[in-house]
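Scroll down for the structure; my scribbles are underneath it.
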Amino acid sequence: MALPSRILLWKLVLLQSSAVLLHSGSSVPAAAGSSVVSESAVSWEAGARAVLRCQSPRMVWTQDRLHDRQRVLHWDLRGPGGGPARRLLDLYSAGEQRVYEARDRGRLELSASAFDDGNFSLLIRAVEETDAGLYTCNLHHHYCHLYESLAVRLEVTDGPPATPAYWDGEKEVLAVARGAPALLTCVNRGHVWTDRHVEEAQQVVHWDRQPPGVPHDRADRLLDLYASGERRAYGPLFLRDRVAVGADAFERGDFSLRIEPLEVADEGTYSCHLHHHYCGLHERRVFHLTVAEPHAEPPPRGSPGNGSSHSGAPGPDPTLARGHNVINVIVPESRAHFFQQLGYVLATLLLFILLLVTVLLAARRRRGGYEYSDQKSGKSKGKDVNLAEFAVAAGDQMLYRSEDIQLDYKNNILKERAELAHSPLPAKYIDLDKGFRKENCK
């Protein structure tokens, strides 16, 4: 008889669970994290130490020392007459189960795979009169600092109830006959309750900075912090050496940014981003930082000046406005920019070489043309000789020699020589027939 009764009991449990799930509106997993945005305006004097507060206890990771006991389920009962609730049992994600009262051992049961499938329902094998009251299913996540609760009211009747389960507008109400089994449904299949990940690898904190006039989507990254201990620093060099976050930030949940000493150029909007992907935490805090000029300290009253006991140094001119400090930041060029400039230089050099070769070829061709024209003119002069030109030249010479040059000579000898020189040469007579006659005589 034990086996059929056990089969009948589990059939009843499955029937009640399928009926109750239709009325359980709280079985939908709640949001594990909320997006919180806080915005504040802060101001410090230049040279002071600025601290931008960014704290969150939900980002503390040291509670992972609990290993797999950071997720726990509690079932509590508050009687019909009110009064404080009493703890019935606990179930840890490692599988450890604890029942507080001896009378409930073996009578109250939970599924051993509750933290795997998200079914945290409580089974009461045989309902008694003292079991009536308000039951609460409490889920705690110590690591993510999450708390979720679900309430179910149990009514015990003498006979079979007319309505086994219904919804009263706030919670589920379950009516069960005395001695019958009861299943108090509590289902939450959120990944934060059913999955286990490496939490340290899913926590990261970012600090961003927006200079004045720069939109949020073009903000500069200052710091990256990881729960594993890795840190990355970005941003301009003049600011990188003056900002810091505590080394024990993830141990205390304090990610406040310290800037020391503060300069006028540090003005802008700073954002602290907290991300915990495992716990579903995404927070962003915004700080509008303004930097004021430091107040000038008054000179001591006893300082000498212009022979008097009071300071005679002229005070600052109120009409002159103090300018802001200008810091030139030289950003190193990338390798791609270097190759681009090198390409420009090589292209310019190649163009210059081509231009030089073109000029040389043109000059050489022009020089060859001149030589060819000179050779051609020389040949033409050697072939065509005009004897008339020579005759004219000889006549000119004779006319030149026949000119009467009036010279004053010291003696007659010189005068005669000069006349002989200017007189035309006597024509030479050549007897052509003489040679012919000699040949005939032979």
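Note that Cβ sites are derived from N, Cα and C of the backbone, with glycine treated the same way.
According to Swiss-Prot, the protein has these features:
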type: DISULFID; residues: Cys54-Cys137; note: disulfide bond
type: DISULFID; residues: Cys186-Cys272; note: disulfide bond
type: DOMAIN; residues: 160-288; note: domain 'Ig-like V-type 2'
type: CARBOHYD; residues: Asn119; note: N-linked glycosylation site
type: CARBOHYD; residues: Asn306; note: N-linked glycosylation site
type: MOD_RES; residues: Ser228; note: phosphoserine
type: REGION; residues: 294-318; note: region 'Disordered'
type: SIGNAL; residues: 1-19; note: signal peptide
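Distribution of Swiss-Prot features across the structure.
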residue	record	contacts (Cβ under 8 Å, 6+ apart)
Cys54	disulfide bond	Val205, Asp254, Phe255, Ser256, Leu257, Cys272, Leu274, Arg285
Asn119	N-linked glycosylation site	Ser111, Ser113, Cys186, Val187
Cys137	disulfide bond	Leu73, His74, Trp75, Phe120, Leu122, Ser149, Leu150, Ala151, Val152, Leu184, Cys186
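There are 13 other Cβ atoms within 10 Å of the Cβ belonging to Ser228 (phosphoserine). With the fewest other C-beta atoms within 10 Å around its C-beta, Cys272 stands out among the disulfide-bonded residues Cys186, Cys272. For the domain 'Ig-like V-type 2' (160-288), the DSSP-based tally of helix, strand and coil residues reads 22 helix, 54 strand, 53 coil.
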